[in-house]
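Peer 1: The structure follows.
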Amino acid sequence: MSFRLRVLNLVEIVLRVPPLFVIDEILKVGIGINEFSEHDLTNFEERYDKIEVNAQNFTTSLPYNPVFYRFVLIGLIRLLLSAVGCGVALCLFMLSIKHLMVVYMYFMSVGVVFISYWTNMSTVKLLISTIESKNATWDLRNNILMLDYNNLLAEDGVTMHVLQNCVFQLVLSFIFINIHLGPRYSVLQKLLPMTFFAPIVLTLMPLPLPTGFLSHSPIFCALLPLALVKFVLWSSIVSIVQTMYTGYLHARNFVANFGMSALVEAEWLRLNVPEVLRTFWLLRVMEHTGIFFLSGYWDTQDGYSPYFRLMKYLMVTGCDTVSAVLGITSIVSYICSYIGKLFQWILLTEDDNDKNIGTVSAIVFYILALQTGLTGLEPEVRFVRLCRNFGLLFTAILHFIHNVVNPLLMSLSASHNPSLRRHVHALLVCLVLVVLPLILMYYLWSTQETSTWLLAVSAFSIEVIVKVFVSLAIYTLFLMDARRETFWEKLDDYIYYIRAFGNTIEFCFGIFLFFNGAWILLFESGSAIRAVMMCIHAYFNIWCDAKAGWSVFMKRRTAVNKIESLPEAEEEQLRDLDDVCAICYQEMRSAKITRCRHFFHGVCLRKWLYVQDRCPLCHEILHAIDSEDKKEHPPPPPPPHAIEEDNGDR
């Protein structure tokens with residue numbers, strides 16, 4: 001990407017950040033009612049208790065309570081205003097860059113008009129008060145005519161204030177002339193600068209103008225640019241409605257042709273949502289950093305390092321709203337994506353599926369934030385919960401890294417890859433996956449008290465270690481099989497037992513985590529989101545795993561029984577056959593004989609039976625079945641080469 005495109009991309013990202021700050025401020029204010037005084041709420045509770053007592057005494061008359069209706073009315077108004085504000089901000093966020101620039105230019109023109117009004121008003125009031133205090137015409141003209149620089153350039157004098165305001169009005173008029181969206185007639189363009197300077201000029205002129213007129217002159221002079229701004233707004237209503245309707249039609253057609261998920265993905269890429277969220281959160285952190293230093297928190301003496309206080313303050317204020325949580329989630333995703341790239345570089349792999357660690361970590365972190373309710377906690381509690389969430393996220397990243405290195409280990413060992421470098425890198429990553437959980441558990445158990453969170457982190461850490469040892473055990477078996485010159489018939493059994501052990505441990509940890517979460521839900525911090533996540537965990541990590549494990553066990557048991565019903569080939573028969581197994585193409589020193597007189601390794605035939613019950617060569621039924629099953633599943637006709645061989649034998 002060229003430098004120009006990068007700059008344009010950065011500008012587009014920055015332009016989409018202000019609507020997020022608007023939403024963030026609305027969420028900070030909240031849609032609840034927190035402006036009632038304690039007296040009002042206490043009075044409301046007392047009256048509610050009286051109403052409840054009257055209801056118990058079968059009294060049907062309820063007194064009028066203005067506090068209650070005020071409570072409900074203000075709540076509805078704030079809810080409506082917050083919803084409208086968030087909706088408008090979201091619409092601005094989703095606009096194209098062209099329309100977004102138009103909106104910003106309009107807001108800038110409105111802001112310039114009001115800033116000009118406020119500065120002119122303050123200057124006019126200062127001049128009027130100066131004239132009234134001296135009971136004479138202000139001597140600015142005399143100072144100018146006599147070139148009295150001492151009075152003109154005095155820092156605490158009125159002259160310097162007037163000159164500063166004139167320069168400021170010059171800048172504001174230049175900005176407004178160039179950015180306003182109204183008609184640009186030559187006469188109008190010449191009148192606009194005069195409206196910015198008119199209040200100061202009228203006040204300084206030696207005319208017998210009344211004080212009331214001079215004090216209201218900034219309002220009169222701001223009417224022309226304000227009318228121009230209002231004209232732009234009312235004349236643009238039709239185009240605004242057309243733009244909204246065009247966007248609605250585009251979204252509806254897109255959903256009809258490609259689906260809702262495709263629309264969300266396309267808009268996600270068009271709006272650069274992760275980059276915008278990261279920029280928003282970083283700017284927010286810079287804002288709170290300035291607040292931290294201006295408030296004097298850096299010099300606070302509380303026994304902690306100022307750097308720790310700064311980090312704690314930024315982390316606590318960086319997740320106090322839902323929008324801030326989305327921002328920090330984007331930062332976490334960005335960092336974890338680079339962690340995934342680091343391990344990809346170490347493992348010398350470029351699989352696209354391994355790049356999902358950023359997305360997975362973002363989902364995990366956001367779900368943890370919703371479960372623990374970070375935005376509604378006190379600062380101290382929020383910091384503790386945030387640190388605990390990072391601990392759980394760390395164990396989740398370890399699990400993801402194991403999911404990356406495990407198939408690589410299996411492929412290196414099963415394919416007899418001679419690259420020693422790739423083997424060493426994969427084994428070093430496995431060593432890291434064992435050492436890091438041990439260090440984490442040692443540190444937590446030596447510094448933290450026993451809690452449900454500590455048990456959950458320990459369970460996840462031990463589970464990672466068990467999975468790594470299971471992978472290493474299977475990896476070792478494959479390497480041993482690669483060095484054997486003969487077929488290792490027991491290899492499949494050993495691998496099955498090792499994986500069954502690992503799956504059983506994971507299943508037990510899943511049940512433990514379910515009960516651990518149930519304890520948290522009932523006795524610590526229950527929430528609807530936690531309950532939903534527990535149900536999802538119970539279904540996928542317990543029920544589905546148990547169902548899949550039982551299905552594999554039954555298939556294996558059925559296959560073993562079928563294989564045991566087949567006769568074992570003798571050494572003389574194998575010597576006369578002098579052939580390889582038709583499934584694995586390896587030499588047969590032991591084999592099973594099917595009903596159709598074909599020879600296969602017992603292990604290979606058992607794997608084949610996981611798929612179907614017919615011979616791999618002639619499709620004959622491999623074991624005895626009932627007559628009803630024969631009627632329902634008649635054998636297929638033999639292949640042509642089998643018929644030719646049979647005719648040749650005859």
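Quick reminder: no glycine exception, Cβ is built from N, Cα and C everywhere.
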Peer 1: Which stretch, out of 357-377, 525-545, is listed as transmembrane segment by TrEMBL?
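Peer 2: Based on what TrEMBL states, transmembrane segment spans 357-377.
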Peer 1: Residue list, the transmembrane segment (357-377) vs rest of chain: Cβ under 8 Å, 6 or more residues beyond ends.
Peer 2: 319-322, 324-326, 328-330, 332-334, 336-337, 339-340, 385-386, 388-389, 392-393, 396-397, 400-401, 404, 525, 527, 529-530, 533
Peer 1: How does the domain 'RING-type' (581-619) divide up by DSSP, counting helix, then strand, then coil residues?
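Peer 2: Across the domain 'RING-type' (581-619), the residues distribute as 8 helix, 6 strand, 25 coil.
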Peer 1: Could you give the residue numbers and ranges of same-chain residues that sit at least 6 residues beyond the transmembrane segment (280-298) on either side and whose C-beta is under 8 angstroms from one of its C-beta atoms?
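Peer 2: Result: 17, 20-21, 24, 306, 309-310, 313-314, 317-318, 323-324, 327-328, 330-331.
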Peer 1: Near the transmembrane segment (191-209), which same-chain residues lie under 8 Å Cβ to Cβ, leaving out any that are not at least 6 residues past its ends?
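Peer 2: Apart from its flanks, the transmembrane segment (191-209) reaches 116, 120-121, 123-124, 127-128, 137-138, 140-141, 162, 165-166, 169-170, 172-174, 176-177, 217-218, 221-222, 224-225, 228.
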Peer 1: Cβ under 8 Å, sequence separation of at least 6 from the ends of the transmembrane segment (100-119): give me the contacting residues as numbers and ranges.
Peer 2: 15-16, 18, 92, 165, 168-169, 172-173, 175-176, 179-181, 196, 218-219, 222, 225-226, 229, 232-233
Peer 1: Give me the stretch from 158-179, 215-234, 389-412 with the greatest number of Cβ pairs under 8 Å to the transmembrane segment (451-479).
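Peer 2: Per the Cβ under 8 Å count, 389-412.
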